[in-house]
Amino acid sequence: MTRPTLRETVARLAPGTGLRDGLERILRGRTGALIVLGNDENVEAICDGGFALDVRYAPTRLRELAKMDGAVVLSTDGSRIVRANVQLVPDPSIATDESGTRHRSAERAAIQTGYPVISVSHSMNIVTVYVGGERHVVADSATILSRANQAIATLERYKIRLDEVSRQLSRAEIEDFVTLRDVLTVVQRLELVRRIGQVIDNDVVELGTDGRQLRLQLDELLGGNDNARELIVRDYHASPEQLSEAQMTATLDELDALSDTELLDFTALAKVFGYPTTTEAQDSAVSPRGYRALAGIPRLQFAHADLLVRSFGTLQNVLAASASDLQSIDGIGAMWARHVREGLSQLAESTITDSLS
């Protein structure tokens, strides 16, 4: 059975959920609590004493049961309270960095059973959730919103810079004057935007219903970013052949695996794309295959763009093709040929206009 991840568990504890309501009632009562979010034979094996309930979950019931010293065990889906006032007896040999008895039991139980375990400290009024070997302190919405709003401001600055370098790359593509450095600059900015977006997305998940406005802002700022990453990999990977889906995914995974320090190093980015890792190579000329440019043509499907790239090889060859040349490609009829030809002409004109403005 697949065990819940930390992200999934945090979403279950977000404002607007029944579990969060119960936790807030416990915090206000300052009684503390130990709650296991799942039940099977592994959980039963570490439970001692207490009593079976098997009643429907309700925040008020959780609050009342938490007044007792023992732990509360919920069903795996969280819909029922299975047991209450039980003593958790996990394997004491499991390593833990916690000092309090409740927190040590929670961490060990989470590791041993694979289910999330929540510990509520009555003295510090803090909720901590343990998932496997991970530990997460649940913050209040005001704290998360303050942090997320600062991150949104940073993301907006990153997005402005990304748009600038993307326009510069598009202009260089039309003029056939692209260097590897131009490409890596855009790749770097795309990745920076994606990473800070992930941080904010985690905050949005933790905010639950309190993060709706933040979700709208994030979606607007990140719209098309993942697609742009895929297109630039297809356009500029050093492979002499068109990338397969597996190769493209592997390249994106390599980008994901770069540390923040490596992301600032163009030689590390060049290596991911299959280019030499020398500084001199960054000023070498490269030619796009044309996926990015063709994606800018309204209503043009990827399948049609892929046909054109595989037939003509480079963007410059596509730009030089007439409507009849485009129509000669199997799968590209007269209507699409005219549409592509007009779209490329408009793209070139708008790019030149932007460079003059």
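From the backbone N, Cα and C atoms, a Cβ is placed for every residue, glycine too.
In Swiss-Prot this protein carries:
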type	residues	note
DOMAIN	3-141	domain 'DAC'
BINDING	Gly70, Leu88, Thr101, Arg102, His103, Arg104, Ser105	ATP binding site
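Feature map: annotations from Swiss-Prot on the structure.
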residue : record           : Cβ contacts under 8 Å, 6 or more apart
Gly70   : ATP binding site : Leu34, Gly49, Gly50, Ala84, Asn85, Val86, Gln87
Leu88   : ATP binding site : Leu34, Val36, Ile46, Cys47, Asp48, Ala71, Ser105, Ala106, Ala109, Val117
Thr101  : ATP binding site : none
Arg102  : ATP binding site : Gly32, Leu34, Ser119, Ser121
His103  : ATP binding site : Thr96, Ser119, Ser121, Thr128
Arg104  : ATP binding site : Thr96, Glu98
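Across the domain 'DAC' (3-141), DSSP classifies residues as 45 helix, 42 strand, 52 coil.
Excluding the listed site residues Gly70, Leu88, Thr101, Arg102, His103, Arg104, Ser105, the same chain places Leu34, Ala71, Gly100, Ala106, Ala109, Ser119 with Cβ atoms within 8 Å of the centre of the ATP site Cβ atoms. In this structure the residues listed as binding ATP are Gly70, Leu88, Thr101, Arg102, His103, Arg104, Ser105; their two most distant Cα atoms lie 14 Å apart.
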